[in-house]
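Colleague: Can you read through this structure? Questions will come right after.
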Amino acid sequence: MNVLGSMTRLDATCTRLHSPTIACAAVRAHKQKRGIATRQTRFQLNTGASIPAIGFGTFQDPDAQEDAVSRALTAGLRLIDTARVYDVEKQVGKGIKSSGVPREEIFLGTKLWCNNFHPDDVERALDESLEDLDTPYVDLLMMHYPCTFARGEDRFPRDSDGKMILGKTTYVDTWKAMEKLVKTGKTKAIGVSNFSKGELETIIREGSVVPAVHQMEAHPYLQQKSFNKWLRSQGIHVVQFSPLGNMNDFYRSTGWSKEVSHMMRVIDQPLLQDLGRKYGKSAVQIVLSWGVNNGRSIIPKSTIDWQIKENVEADFELDPEDIKAIETLDIKARFNDPSLDYQWRLYSDLEGIEGAVEGKTH
């Protein structure tokens, strides 16, 4: 039995209730070693729509994304995550078209970048994303970060000293502009990414729409159990980025985390290797399954066929004692923290920050 709820079998479909606001439907597929059944789990959002548990991230490798997105969809993934600042939306749109998968079967999300947070810029910015994605709507539009940069074409506006120039717009102003876009049909839902609890509380208090999704860093090294519990209580679904933690060399190149360069990779942890042998899966699949078993969607990225297939097959049930064992790996290590560069104290009330940096505190 899953620690988050019971499994009720209805022919080939089973329903697992995670909370009064979050539910998922799973389809039993083929069985592997130890009788492990692969599922196709979906979670219900507070809008009533459903979002797949396992998706495909498109950060980095822009030249490879068109083919990678097409192959990911062909392999069975139906959640595609992208962002304006990734500079891959055109490739993502072409990949969707070439896959042959009907648009209505795909949950497509993108993110608004910080230089377009002024209320007068929000709809235009979404229109540009829609044009590049070659679609009349997205299923989810998110604010990429809570910090606002100066308006203009420059995505990273800096002064003569190289410091980021912040805008005067607040994230609440941006959120209220995004709320209006839902009524236009250009986005089916709105959400946020990289917000603190306090910033989300402000959005909920001052806005009229509760975010459908919060996309955030989460993996066995940064589990944020208390924050996840609070998000669930608010009916906000979590989508994990960097679900494999410090696997990405990008974090080594940024210098954002002092810990990443000398820390063992998440998937090299002996516990995860042992669990892989128990389930007849890889350590990567154990980590991804851990996220799904905790009621969250995950968006791993890859441009390699066998890795994409491995991700598709990472939706299976973990025993409660194994989920409990993975909790012991929580060392509160955050790898994505550009606070110093962005002149904004991100994640100020959350686990996994290395101390104060210069910049705004909210």
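Cβ coordinates are placed from backbone N, Cα and C, and glycine is handled just like the others.
In case it helps, TrEMBL gives these features for our protein:
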- 59-330: domain 'NADP-dependent oxidoreductase' (DOMAIN)
- Y86: active site, proton donor (ACT_SITE)
- K111: site 'Lowers pKa of active site Tyr' (SITE)
- H144: substrate binding site (BINDING)
Colleague: Average the pLDDT scores across the domain 'NADP-dependent oxidoreductase' (59-330) and report the rounded value.
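Modeller: The predicted confidence over the domain 'NADP-dependent oxidoreductase' (59-330), as a mean pLDDT, is 95.
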Colleague: Check each residue in the chain of Y86 (active site, proton donor) that is at least six apart in sequence and keep those whose C-beta is under 8 Å from its C-beta; list them in sequence order.
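Modeller: T58, F59, Q60, P62 - these are the non-local Cβ neighbours of Y86 (active site, proton donor), listed in sequence order.
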Colleague: Let's check the environment of K111 (site 'Lowers pKa of active site Tyr'): how many other CB atoms sit within 10 Å of its CB?
Modeller: 24
Colleague: Rounded to the nearest Å, what's the C-alpha distance separating H144 (substrate binding site) and K111 (site 'Lowers pKa of active site Tyr')? Just drop the number here, would you?
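Modeller: It is 5 Å, counting Cα to Cα.
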Colleague: In terms of DSSP three-state secondary structure, what is the assignment for the residue listed as 'substrate binding site'?
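Modeller: The residue in question, the residue listed as 'substrate binding site', is coil (DSSP, three-state).
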Colleague: Determine the Cβ neighbour count for the residue listed as 'substrate binding site': the number of other Cβ atoms within 10 Å of its Cβ.
Modeller: 20
